[in-house]
Amino acid sequence: MQESHFFAHLARMKLIQRWPLMRSISSENISEHSLQVAFVAHALAVIKNKKFGGTLNPERIALLAMYHDTSEVLTGDLPTPIKYFNPEIAKEYKKIEAAAERRLLDMLPEELRDDFRPFLISNTADPDESAIVKQADAICAYLKCLEELSAGNHEYAQAKKRLDVTLRERHSEEMAYFLQTFAPSFELTLDEIS
């Protein structure tokens, strides 16, 4: 049996900091972020199914969300303003991400690859499931902005404005429900939510 470094690489997710160009009151790594995205994606899928006639698999979507940023253990977290500075950079970075995803998949023993492929290779996921994960990813970035702004960190004001646009572009009924029901609490203190 051949040794695999796959999970040793995933364990390094905790070392990759998000928001690297921003002064943050509370730091966040991609391991923490992926767990929060999994929570939110799962909730969005449940909300869509219960309230808006969806037929999604919330557990599968939570797994997709857990793995959605794993390629960053090889690429690092490129800040959004750089990643999307122009279409050429965005296109080339997508190629880098795809190569990193394939490299991670290739680290697994051959007999496990088919089971992990849908979670590691982003272009193999079902478009409806991917859309929920993308929505959750944007919501989590938005919630981070709310937390930082409510703690007095105005460094996140511009990021929040950019995310307001992103959330409008990705709008869905389940997102609106989630944001109306859960987001306001992120601007409150511990005493206020207790």
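Numbering starts at 1 and runs along the chain as it is shown here.
Every residue gets a Cβ built from N, Cα and C, even glycine.
Among the features that Swiss-Prot reports, substrate binding site is placed at Arg18, Trp19, His33, Asp69, Asp77, Leu78, Pro79, Thr80, Asp137. Using a 10 Å Cβ-Cβ cutoff, His33 (substrate binding site) registers 24 neighbours. Classification of His33 (substrate binding site) by DSSP places it within a helix.
Look at Swiss-Prot and you will find His33, His68, Asp69, Asp137 tagged as divalent metal cation binding site, backed by sequence analysis. Within 10 Å of the C-beta atom of His68 (divalent metal cation binding site) sit 24 other C-beta atoms, taking all shown protein chains into account. Reduced to three states, the DSSP call for His68 (divalent metal cation binding site) is coil.
On the 0 to 100 pLDDT scale, the domain 'HD' (30-142) averages 94 in the predicted structure. What Swiss-Prot lists as domain 'HD' is 30-142.
The number of other CB atoms found within 10 A of the CB of Arg18 (substrate binding site), across every protein chain shown, is 19. For Arg18, the entry in Swiss-Prot reads site 'Appears to be important in orienting the phosphate for catalysis', with the evidence type sequence analysis.
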Looking only at Arg18, Trp19, His33, Asp69, Asp77, Leu78, Pro79, Thr80, Asp137, which the record lists for substrate, tell me the maximum pairwise CA distance in angstrom.
15
Where Asp77 (substrate binding site) and His68 (divalent metal cation binding site) are concerned, what is their Cα separation in Å, rounded?
12
Reduced DSSP assignment, Asp137 (substrate binding site):
helix
Could you round the CA separation between His33 (substrate binding site) and Asp69 (divalent metal cation binding site) to a whole angstrom and send it over?
9
